[in-house]
Amino acid sequence: MDLSIPNPVADATRQVEGGSPAGGQPLEIDALIVGAGPVGLFQVFELGLLEIKAHVIDSLKVVGGQCVELYPDKPIYDIPAVPSCTGQELTDNLLKQIEPFEPTFHLGQEVSVVERRDDGRFFVETSLGTRFITKTIFIAAGVGSFQPRTLKVDGIDKFDGKQLFYRVKDPSRFHGRNLVIVGGGDSALDWTLDLVGKAESVVMIHRRDGFRAAPASVAKMKELCEQMEMQFLVGQISGYEEKDGVLTEIKVSGADGVTRRLPLDDLLVFFGLSPKLGPIAEWGLDLERKQIKVDTEKFQTNIPGIFAVGDINTYPGKKKLILSGFHEAALAAFGAAPYIFPEKKIHMQYTTTSPKLHKVLGVESPVFD
């Protein structure tokens with residue numbers, strides 16, 4: 001089971017590392033999408049059908065959002081006409097679908113400034129200094145940027161990235177090592193099961209005997225414990241020991257009042273990811289429980305020209321489904337068109353029959369006898 005995440009930006013898209021063009025002038029664009037998850041990617045597609053080119057910003061360094069950050073190899077069953085696909089496969093297919101529109105990605109950066117200009121457009125600047133003047137903004141940031149929930153033990157953060165890890169990028173790095181894995185969710189169980197037999201030893205720690213993970217994974221973990229392939233302890237990490245700057249032991253306080261000392265090479269902590277709206281919360285948008293209120297005609301916010309699609313928005317009857325986000329992206333694209341083409345009447349066309357859309361998509365129009 002390889003859960004490492006490659007950078008999946010397709011060849012037909014452009015990725016920009018940051019900074020504005022030569023001369024320091026902002027990029028003047030029609031549409032800026034904040035969030036490169038499935039809904040943000042489909043927003044590129046829907047805008048592309050209307051001949052609107054998009055730039056995409058994401059705080060992660062890879063495209064895919066929650067799908068590749070949380071469940072790249074887990075099956076998704078509720079995408080229409082796709083009986084089953086993984087989060088990574090869904091992302092790859094969406095990237096393939098948007099290739100004709102050649103979006104530009106600005107990864108590893110967050111929007112830090114949004115200002116309305118006198119001409120109705122928006123000035124936007126990112127944390128890396130990339131600047132835009134855009135006619136429309138689409139917020140497709142899921143539930144915000146994700147940060148791992150960290151282990152609250154004084155001083156242990158000094159080992160972060162050396163012997164303390166909150167994500168696994170290269171599983172082989174832990175082969176032959178003595179591991180302690182902490183957590184009670186799917187990520188903790190998945191990595192425990194994957195690394196047993198590859199690591200020198202595995203001890204799993206959770207604060208209680210109940211789990212928030214798939215029952216089959218829990219059963220398999222307990223079976224491995226019975227076979228003496230690994231150990232499981234109920235308790236919480238309360239301290240550690242180091243020697244010459246190297247983490248050598250952790251202290252685990254159990255419910256029985258006993259503190260145990262565990263030698264280790266690496267500590268893997270999976271307490272989940274904490275979603276944060278970040279700077280979006282300061283844009284002057286109407287919020288309800290950290291979600292952006294929108295209308296259901298165009299999924300526009302209280303600020304004309306700014307739209308919100310996917311899990312980050314809220315409206316009566318809202319369901320947090322990828323399917324719902326795709327629907328919202330389609331209507332948001334049509335809602336944005338008048339800001340970009342104020343003199344142009346937008347006609348409804350269908351990809352099955354429209355020669356114009358076939359040209360936009362780079363496909364041949366079918367000829368029927």
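Using N, Cα and C of the backbone, Cβ positions are placed for all residues, glycine too.
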Among ranges 1-21, 85-105, 274-294, whichever one Swiss-Prot labels region 'Disordered': 1-21
Residue with minimal Cβ packing [other Cβ atoms within 10 Å] among the binding-site residues Q66, T352: T352
Which same-chain residues, if any, lie at least 6 apart from Y71 (FAD binding site) yet have Cβ under 8 Å of it: T86, G87, D186
List of residues, in chain order, with Cβ under 8 A from that of V111 (FAD binding site) and at least 6 apart: V34, I57, V124, E125, T126, S127, P279, I280
